[in-house]
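> Pulled the feature table from TrEMBL, pasting it below:
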type: TRANSMEM; residues: A:12-41; note: transmembrane segment
type: TRANSMEM; residues: A:61-86; note: transmembrane segment
type: DOMAIN; residues: A:61-260; note: domain 'ABC transmembrane type-1'
type: TRANSMEM; residues: A:93-117; note: transmembrane segment
type: TRANSMEM; residues: A:137-163; note: transmembrane segment
type: TRANSMEM; residues: A:184-206; note: transmembrane segment
type: TRANSMEM; residues: A:239-260; note: transmembrane segment
type: TRANSMEM; residues: A:295-320; note: transmembrane segment
type: DOMAIN; residues: A:346-536; note: domain 'ABC transmembrane type-1'
type: TRANSMEM; residues: A:350-371; note: transmembrane segment
type: TRANSMEM; residues: A:380-403; note: transmembrane segment
type: TRANSMEM; residues: A:409-425; note: transmembrane segment
type: TRANSMEM; residues: A:477-498; note: transmembrane segment
type: TRANSMEM; residues: A:518-541; note: transmembrane segment
Amino acid sequence: MRSTIRRRCGSALDFALLFVLAAFCAVFVVWPIGSFVWQALPFSGSAPNMLEVLTQNSGAILNSVFVAVLVSLLSCAIALAVALVVTFGRRGWASLVTGLVTLSLASPPFVASLAYIELFGRRGLVTHGLLGLSVSPYGWQGIVFMEALFFTGINVILLDSVLERVDKSAVSAALDLGAPMRRVFADIILPLLRPGVAVCLLLTFVRSIADYATPVVIGGKFETISTQIYVRVVGYSDLGAAAVLNLVLFAASFVAFIAYRRLGSTLDVASKSLGASVRPADDEAGFRLRGALGVFAHVVTAAFSSAIVAVYATIVHAAFTKGMGWSAPLTLDNLTHLMEYNVDAIGRSILYALLSAGASTLIGLLAAYFVHRRRVAGSFLLDFLTSLPYTIPGICLGLGYILAFNRPPLELVGTSTIIVAVLTAKEIAISTRAFTAALAQVPPELDMAAKDLGAPDTSVLWGVLAPNLRSAFGVSLINGFTGSMMAYAAVLFLIVPGHKTAIFELFDALSGGKYGEAAMISLALVAITSLVCAAFGRLLVKRRS
Amino acid sequence: MFLELSHLSKSFGSHEVIDDLCLSVEKGEVMCLLGASGCGKTTTLRLVGGFLAPDGGRVVIDGQDVTGMSPEIRPTATVFQSYALFPHMSVVENVGYGVRFSGATRAEAKQRAMEMLEAVGLSECASSRVQDISGGQQQRVALARALVLGPKVLLLDEPFSNLDANLRIRMREEVRQIQRRFGVTMVFVTHDREEAMSFADRLAIMRNGKILQVATPREAYDHPADLYCARFLGHVNELDVPGGTRFFRDEAVTLGKEGGVLGVVGDATYLGGYWRYELLVGESRVYVRAPANQRYARGATVPFVIDQTIDV
């Protein structure tokens with residue numbers, strides 16, 4: 001009797017969880033995205049003339065495409081070189097580079113631009129301090145350089161994961177059959193890399209085209225689609241035109257996502273080859289970075305590493321000096337200013353980031369469980385919806401949110417709820433992917449055994465599966481926290497003056513020319529993110545076995 | 001009958017995996033589903049356990065139709081091929097896991113789990129982590145975890161395939177003893193004929209989703225339903241002699257006895273206690289067994305008599 005009641009409660013809870021997942025997708029994914037797409041379509045009420053908007057902004061669109069193509073090519077070339085060093089280079093050097101790549105991944109969005117202005121601006125340490133020039137740093141060159149530098153990190157991670165799957169014994173076999181090292185690269189490693197490089201190019205293209213933070217800071221008069229969307233919304237309150245431009249970004253990212261899906265499946269096939277680490281031990285034959293390729297890879301990696309080091313050195317320098325230039329006196333003013341004026345904003349950022357990291361982890365777990373484990377009806381749709389917010393540019397998503405939530409029934413604009421919701425939606429995809437991958441490691445017989453022993457579905461999830469997914473919880477929380485802490489474009493339209501987050505304070509300081517204060521906020525953000533991630537990282541450590 | 005499968009069918013997409021399958025198992029009996037991989041034996045087990053819903057047909061246990069019951073309420077328990085022990089729980093927590101869902105308190109669950117561990121001789125590992133015990137012990141934990149719920153039918157999927165050869169034989173005996181002690185009805189799946197013959201009361205030989213023959217191991221070996229069943233349980237020689245084709249087992253001949261057939265020794269293998277000779281008889285090739293003291297050189301012509309044939 002007691003067990004029957006318990007079972008009933010179990011299945012009600014199970015249904016409730018599925019409902020939570022579906023409701024979140026409906027309210028915070030379908031509705032906002034649907035809202036801006038509807039707004040842009042010619043048969044909606046406030047129909048803008050689509051063609052007119054596009055011709056008016058053709059300059060910005062071309063600019064965006066031009067920058068995005070250059071950034072993709074440059075960033076992928078750098079990433080390939082760095083990934084080769086990370087995978088095949090000497091151990092110590094490789095881990096140092098890995099550390100720098102990780103640092104670049106967890107950087108606030110304006111850090112590179114800030115350092116760029118400090119180094120190459122009118123009063124820049126290099127251009128003015130060393131060369132005695134006074135040149136404007138603003139323009140497309142800066143955008144290309146900064147984006148390429150900071151999109152490289154994620155590409156390195158992706159390419160490295162592909163390179164790690166190179167079958168060590170295939171390399172040994174090629175060497176054994178008499179292939180010289182460059183042929184091993186061309187015949188064994190390159191074919192495996194090709195889909196990975198294609199994915200990197202595509203994703204970088206979309207990231208660049210959707211990037212708002214870099215062009216707005218160092219683009220100067222150079223207009224891109226994202227900056228135009230901002231100007232349309234904030235300057236002219238022309239939501240229709242903004243929605244049309246948004247649709248352009250949406251379409252580009254959607255095409256890239258489909259292509260990624262198709263190429264991604266070839267990546268998965270490649271992953272089936274064995275071999276723990278492809279890096280040969282010192283006394284073992286295997287692929288080594290030598291010859292022209294080796295020189296190229298090491299030189300580019302050294303340049304990339306120095307650039308990252310230079311960025312952070314500049315930030316630290318700017319944070320603790322007064323004014324610009326080599327002879328600027330040391331000061332703690334910026335720290336005092338931070339403690340006095342920015343603590344609230346930083347606290348808010350941490351709170352939002354913790355809430356959205358928690359929420360996206362929970363929803364990601366549910367999505368992975370229902371979609372990939374249980375394969376409930378409508379799984380394909382749920383899978384698509386949970387990955388959609390991640391694929392579309394932050395600025396698109398943010399615009400969708402104001403369009404959807406600025407009037408009843410859900411008037412959320414101006415509340416903290418909408419901020420947490422948009423940040424959560426943005427991180428679900430990664431979270432789901434982490435849990436899906438971890439679930440794949442848990443044999444399906446475990447679920448069957450638990451059910452066979454009488455466990456209701458919810459007990460299987462919490463009692464049997466969740467305890468075996470510790471590392472996925474870690475990955476999801478770290479990613480969710482970092483992503484939310486550094487989010488700018490997605491919340492651009494949603495933050496109201498009294499409730500600014502640290503990133504907005506950073507932007508305000510930066511655009512007000514207070515580079516020292518901006519640098520100090522950047523440092524604080526990096527420090528906090530590292531600390532919190534280190535705490536979550538404990539989940540990644542395997543328990544004693 | 002205690003367990004009755006009637007007219008079960010199951011397709012995955014357009015592929016028919018189980019085709020109008022009927023099988024009856026008596027109370028306390030050990031029934032083996034034997035067949036090559038892909039014959040549908042594991043699917044049949046999943047249908048009995050309630051992990052899959054059949055497209056048609058019924059599963060009746062002890063007079064109760066359980067076809068629509070989900071696994072958590074069905075009176076069956078499964079021991080999985082991989083054991084499916086919960087890696088984050090200790091041995092006793094694993095065994096007590098299912099007891100909690102029958103309404104027992106935590107203390108009762110632990111009490112019953114300990115009693116069951118005692119019965120399978122594992123009390124001393126009760127608080128060990130499941131990764132830290134041996135393969136044979138893991139199997140007994142899986143068995144205890146299933147038996148503690150007092151299932152009417154115990155289902156085992158390739159129960160010994162994860163154990164090395166020596167341990168396999170020992171575990172077979174141990175599991176058989178536990179089965180006798182609890183008198184539980186068992187259905188197990190294997191592709192290993194030796195395992196099937198040594199462990200089962202009766203075999204059901206499967207092919208392409210159908211049962212070809214249900215019989216005791218001896219009946220099935222000596223009187224197979226067809227040539228496929230015959231070959232599945234051991235090598236079958238095929239020889240054309242005046243009056244038709246004869247089928248016979250390797251050991252069903254007397255080598256060196258005149259009055260039968262003449263063969264030329266092609267190859268000789270000593271298999272410990274007996275010889276296995278390859279004999280060429282005209283165009284045909286047969287394999288026969290002979291005692292250790294009957295040594296023939298390669299190329300020798302040897303007479304032999306077929307003592308027993310298989311009628312198929």
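Placed from the backbone N, Cα and C atoms, the Cβ positions cover glycine too.
Automatic prediction, not curation, is the source of TrEMBL annotations.
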> Count, for each of A:61-86, A:93-117, A:239-260, A:477-498, A:518-541, the Cβ pairs lying under 8 Å from the transmembrane segment (A:380-403), and report the range with the highest count.
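Between the stretches A:61-86, A:93-117, A:239-260, A:477-498, A:518-541, A:239-260 has the largest tally.
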> Of the listed stretches A:12-41, A:137-163, A:295-320, which one has the most C-beta pairs under 8 A with the transmembrane segment (A:184-206)?
A:137-163
> Same chain only, please: residues at least 6 beyond the ends of the transmembrane segment (A:409-425) with a C-beta under 8 Å from a C-beta of the stretch. Say none if there are none.
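Same-chain contacts beyond the flanks: 24, 27-29, 352-353, 355-356, 359-360, 363, 389, 397-398, 401-402, 480, 483-484, 487, 490-491, 494-496, 499, 501.
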> Can the transmembrane segment (A:477-498) be said to touch the transmembrane segment (A:61-86) if we require at least 3 CB pairs below 8 Å and skip pairs under 6 apart in sequence?
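Result for the transmembrane segment (A:477-498) with the transmembrane segment (A:61-86) is no.
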> Between the transmembrane segment (A:295-320) and the stretches A:12-41, A:61-86, A:93-117, work out which stretch tops the count of Cβ pairs under 8 Å.
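Checked against A:12-41, A:61-86, A:93-117; highest Cβ contact count belongs to A:93-117.
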